[in-house]
Each structure stands twice: as C-alpha cells, then as structure tokens.
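A.B. asks: Have a look at the structure that comes next, please.
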Amino acid sequence: MDKSKINLAVIVPLFFIMLYLLPLGLRDLWSPDELRYAEIAREMVDSGNWIVPTFNDIRYFEKPVMGHWMNAISQVLFGENNFSVRAASAFSTLGAAFCLFLLVGRFANRKQAWVTVSVFLSLFLVSNLGTYSVLDGMLNLWLTAAFTAFFYAADSPTTSQRCRFYGLAGLFCACALLTKGFLALALPVIVVVPFMIWQRQLVDILRWGWWVMLVALIVTLPWALAIHAAEPDYWHYFFWVEHIQRFAAEDAQHTSPAWYYLPYLLLGTLPWLFLAPSAIKHLKGHWQSPLLRYALLWALIPFIFFSAAKGKLVTYILPCMAPLAIILAQGIISAFENRAKGLKIGSVINCAFFSLISVAVIVLFYMGRLPLEAEEFYRPWLLVVVCGSWAVLAYISIKAKSLEGKIASYMLMPLSLFLLAWAIIPNISIDSKMPGRFLEQVSPLVSDDAILIADYPSTMSAFNWYFKRRDVYLTGNTGEVSYGIGYDDAKHKYVAPSLLGEFIRKQSVPVVILFREMDVPQSLPEPDKRIERGKFTLVYYDRVKR
C-alpha cells in the first residue's frame with residue numbers, strides 16, 4: 001500500500017460503517033444480555049414510564065436508567081429490531097472514538113489521532129462489545145468523555161477554560177453514574193488524582209473537585225429523586241446488593257481469580273497484539289509526555305482495580321481499551337519511524353498464525369471433529385475465508401511502505417469476521433444462546449390468549465421480546481428478578497415447579513412453557529405437543545384437553 005493512496009480520514013469512517021453498522025441486524029439476539037436490554041427498553045417505550053425500569057413488568061433495579069434510555073431512544077428511532085437493540089452500543093463506541101480523536105489530535109497531532117482511532121475501533125474487545133447490546137459500551141463512552149475533559153481541564157491556562165472542562169467532566173461522570181452506578185465516580189478519582197500528583201497539580205484538582213461533584217450532583221439529582229419517590233427502596237438495593245456484594249463481598253457474583261483478565265486482555269487487543277511488543281519497546285523516551293503518562297495510569301489503575309475485585313466479568317475492562325489504544329498508537333508510530341524489525345516480525349507471526357488456523361479448520365472439518373450438522377457444511381469454509389483474509393492483510397502489512405498502509409491493513413483484519421459472523425455461528429450455539437429461530441418455529445402455537453411460562457429470566461426475556469408480552473410467568477430459578485418478583489404485586493408471576501402441574505390443570509386457555517435451564521418436571525401432565533431443539537424444549541397444552 002502506498003502512502004499517496006491511503007487516507008485514514010476516509011478509511012476509518014467507512015470501516016465503522018462496514019463493521020459496526022452493516023452487520024448489526026444480521027445476527028439474532030443473544031441470550032441473556034441482548035434480549036434482556038432489548039425488552040427493558042421496549043417496556044419503557046411501551047409503558048411510557050421512563051423513570052422505573054421494568055423487566056416483564058417486574059421492577060428491575062440492577063442498573064440505573066441512562067443505558068435503558070439510550071436503548072429506548074434507539075428503538076423509537078429505528079423500530080423494534082436487531083439493529084435498534086445494538087445501535088446504542090455502536091454509536092457509543094463511535095462517540096468514544098471521537099473523544100480519543102479530540103484528545104490525541106489536540107495534545108499530539110492529527111496523524112497520531114487517526115492512528116489511535118484506527119487502533120481503538122479495531123481492538124477485538126471494543127468491536128465485540130460495540131456490536132453487542134450491553135451497557136458497558138455506553139459506560140465506556142461517558143468515561144472516555146470524562147477522562148478527555150479532565151485532561152483538557154488540567155492543561156487549560158485560564159480559569160474560564162478550567163471551569164468549562166471540569167464542568168464537562170462532572171456532566172460526563174453523572175452520565176456514567178446514571179448508566180452503571182457509583183463505579184463511574186470511582187474510576188476517574190483513582191486515575192485523575194495520581195496523575196495530578198505525578199504532574200504536581202494536586203492543588204488544582206483540590207480546587208476544582210467541588211465543581212465537578214456539584215455538576216454531577218445537579219445532573220444526577222432529578223432522576224435520583226424521581227426514582228426514590230416512585231420506589232423508595234431502590235437506592236438501598238442498588239448500593240448494597242449491586243455494588244458492595246457484587247464487587248467485594250464473600251458471596252460476590254462472578255467470582256474469579258486475580259489473573260482472570262490477563263488472557264482476555266491479550267485476546268481483546270487483537271489484531272494489534274502482534275505489534276504490541278515492538279510498540280511497547282519503542283515507547284522509551286516518550287514517557288515524559290503528559291498524555292502518555294495519563295494514558296498509562298488510565299489503562300493500568302482500572303485494570304488493577306477490577307483484578308482486585310472479587311466479582312469479575314470480561315466487559316468490565318472495556319474502559320482500559322481507550323488509553324491502551326493511545327499507548328499502542330504512539331508505540332507503533334515510533335517503531336515505524338525507527339524502522340523497527342519487530343513490526344515485520346510481528347506481522348509474519350500474525351500471517352503464519354492465521355494461515356495455520358485456516359489449515360487446521362479444513363483438517364478438522366474433514367476429520368469430522370467440528371460440532372456441525374450436515375447442513376452446516378459451508379460454515380468452516382466461511383471461517384477459512386475469514387482467517388485467510390486476515391492472513392492476506394497481514395502479508396500486505398509486511399509489504400506496505402507507509403505507516404498508513406500498515407495501519408489500514410491491521411484495522412481491516414477483523415472486518416470479514418464481523419461481516420460473516422451471522423453465517424458462521426454454528427447451530428449448537430444458535431440452539432443454545434439464540435432462541436429467536438426456535439421461537440419462530442413454534443410461534444403458531446403461541447396465541448394472544450396463551451399463558452406463557454419460562455424456566456428462567458433468560459427464557460422469559462425471549463417470550464417477552466419475540467411475542468411482545470409482559471405477562472410471562474416464571475418457574476424454577478428467578479435469577480436476576482428475584483428482588484423484583486418479591487413485591488406483592490409481582491409474586492403472582494412465579495409458579496413453583498412443584499405446583500406447576502396443578503397450575504396448568506386450572507387454566508382454560510392454552511399454556512406454553514419454555515425450558516432451557518431446568519429439565520421438564522416429571523410431575524407435569526402429558527403435553528399435547530413437545531418440541532425440542534438444542535437446549536430449548538417447549539411443551540404445549542391445548543385448552544381442549546384438560
């Protein structure tokens with residue numbers, strides 16, 4: 001690739017459209033996350049209640065409201081479909097990339113800004129969560145904006161500029177808090193304070209800290225008071241259960257060892273992982289840059305913080321990716337300017353690795369070792385196309401003479417995977433985590449007056465979303481709606497497994513039960529129909545036979 005033919009200012013927007021927007025509607029929604037957030041937003045729009053989040057008309061206090069607002073607005077704009085469910089995550093990622101462009105473009109240069117954005121948008125963890133409906137992408141937008149505003153404020157020479165940028169930082173911290181809670185306030189504090197100490201500007205943050213907190217309070221207070229008036233115990237549950245127990249208590253959710261994030265960090269930095277050793281090596285001499293120091297603390301301290309917490313999920317380290325992109329971009333530029341052999345070596349390893357994966361997929365396919373059905377014969381070949389195109393781009397990057405050529409080659413490597421993912425996902429995954437196809441198959445059995453029963457909130461959300469119902473009964477484990485279903489006006493939605501047979505016999509309308517997490521109880525009456533597909537089992541009772 002020749003420098004005269006490569007313009008990242010053109011390629012990056014096209015890349016965003018092709019990877020982040022075009023495939024959004026192609027894949028069915030994943031359970032439980034995407035169906036849960038799709039349904040909460042749908043109920044918000046349908047009910048007109050934008051204060052109290054509900055899930056199957058059950059109070060849902062696990063998260064604040066900003067992420068649900070963003071998802072709901074997306075459904076208002078684009079309708080109730082797969083694209084709208086994921087659109088807020090995609091545009092949040094674009095917003096975070098724009099913040100990085102402003103930050104690096106202002107305190108480094110325009111070329112480095114485009115390289116940083118190229119790295120960020122193509123990081124495997126970023127692109128995965130940017131095309132998947134979870135709240136972490138939206139949280140990352142507000143945190144990236146807050147960290148950008150803090151750095152602008154620290155560098156501002158006048159009082160009016162500092163007032164403006166510290167105020168913006170408070171605004172973005174409030175939006176982050178309204179998206180995922182008090183964690184949004186902790187991360188800026190544990191990063192910005194050490195940075196200001198390093199820069200010998202601690203007095204500055206002490207002088208302006210009150211202003212940041214005041215703005216955050218002003219922005220947060222209207223909804224905080226509204227939710228307290230509507231549901232007085234919201235803040236008690238949200239603070240103690242969702243924060244203290246999730247992250248620190250002995251019975252914290254998702255407990256994992258301290259090293260849990262390390263392999264995911266390596267995977268999440270693909271395809272740039274192959275250039276990372278050379279990039280890090282050539283950062284020597286650049287650490288006097290305040291921006292690079294800031295990025296180091298921004299990446300390292302939250303990573304240590306999340307690693308030390310008892311509760312862990314891969315999505316938690318997403319806020320570390322933006323500063324990592326700043327560091328990698330600076331290192332790659334420096335390595336290229338010094339004609340480092342490490343860049344070529346990394347690309348050779350990259351090319352060889354994905355070439356070997358292509359061969360391995362073909363061999364495993366012909367040996368019958370892939371978990372595929374006969375009708376899925378084409379899926380391995382699509383995966384070979386993905387790995388082959390990745391290897392070809394790695395080879396092109398070796399031959400590229402310009403920095404822009406190398407960057408564009410690496411940025412485009414994940415593109416074919418995301419464009420073809422909808423066709424590569426095997427039936428074994430579809431029939432376990434994507435219930436849309438199964439429910440479409442059984443939809444003729446689900447009349448408007450049928451009683452729907454699910455064995456877990458994940459199957460409940462599938463009934464909710466695909467049949468536009470908010471009156472689904474639960475049996476078995478209540479999971480994440482355990483607290484909400486304990487309210488007097490929601491208790492009737494739970495039927496204990498031991499009482500399920502009696503409940504069915506009392507009905508005068510069809511009963512449809514979806515099982516995934518539990519076996520069908522032997523005590524149930526003989527169903528009129530029983531349909532199984534993968535991990536999903538549906539039992540149907542017609543009103544005629546009682």
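Quick reminder: no glycine exception, Cβ is built from N, Cα and C everywhere.
Residues or ranges marked as transmembrane segment by Swiss-Prot on the basis of sequence analysis: 6-26, 87-107, 113-133, 177-197, 208-228, 260-280, 289-309, 313-333, 345-365, 380-400, 410-430, 450-467.
Walk me through the surroundings of each of these features.
C.D. replies: Long-range contacts of the transmembrane segment (113-133) within the same chain, counting only residues at least 6 positions beyond its ends with a Cβ under 8 Å from a Cβ of the stretch, are 8-9, 11-12, 15-16, 19-20, 23-24, 29-30, 33-34, 37-38, 71, 85-86, 88-90, 92-93, 96-97, 100-105, 140, 264, 267-272, 314-315, 317-318, 321-322, 324-326, 328-329, 332-333, 403, 407-408, 410-414, 418.
The list of residues near the transmembrane segment (260-280) in space but at least 6 beyond its ends in sequence, with Cβ under 8 angstroms from a Cβ of it, reads 119, 122-126, 303, 306-307, 312, 314, 316-317, 320-321, 324, 327-328, 330-332, 334-335, 340-343, 345-347, 349-350, 353, 390, 394, 410, 413-414.
Outside the transmembrane segment (289-309), and at least 6 residues removed from its termini, the chain residues within Cβ reach (under 8 Å) are 103-104, 107-108, 147, 151, 154-155, 186-187, 190-191, 194-195, 198-199, 247-248, 252, 258-261, 265, 283, 316-317, 319-320, 322-324, 326-327, 330.
Listed as Cβ neighbours of the transmembrane segment (313-333) (distance under 8 Å, sequence separation of 6 or more from its ends, same chain) are residues 96, 99-100, 103-104, 108, 111-112, 115-120, 123, 125-126, 129, 134, 136-137, 139-140, 143-144, 147, 187, 254, 261, 264-265, 268-269, 272, 275-276, 278-283, 286, 289, 291-292, 294-296, 298-299, 302-303, 306, 343, 403, 406-407.
For the transmembrane segment (345-365), the residues of the chain that approach it from at least six positions outside its boundaries are 271, 274-278, 372, 380, 383-384, 387-388, 390-391, 394-395, 397-398, 406, judged by C-beta separation under 8 angstroms.
Here the transmembrane segment (410-430) has Cβ contacts under 8 Å with residues 11-12, 15, 18-19, 22-23, 26-28, 118-119, 121-122, 124, 127, 131, 270-272, 275, 370-373, 375-376, 378-379, 382-383, 385-386, 389-390, 393-394, 397, 437, 534 of the same chain, all six or more residues outside its ends.
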A.B. asks: Can you tell me which parts of the same chain pack against the transmembrane segment (87-107), counting only residues 6+ beyond its ends and a CB-CB cutoff under 8 A?
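C.D. replies: That would be 16, 20-21, 24, 67, 70-71, 73-74, 77-78, 113-114, 116-117, 120-121, 126-127, 129-134, 137-138, 140-141, 144-145, 148, 151-152, 155, 290-291, 322, 325-326, 329.
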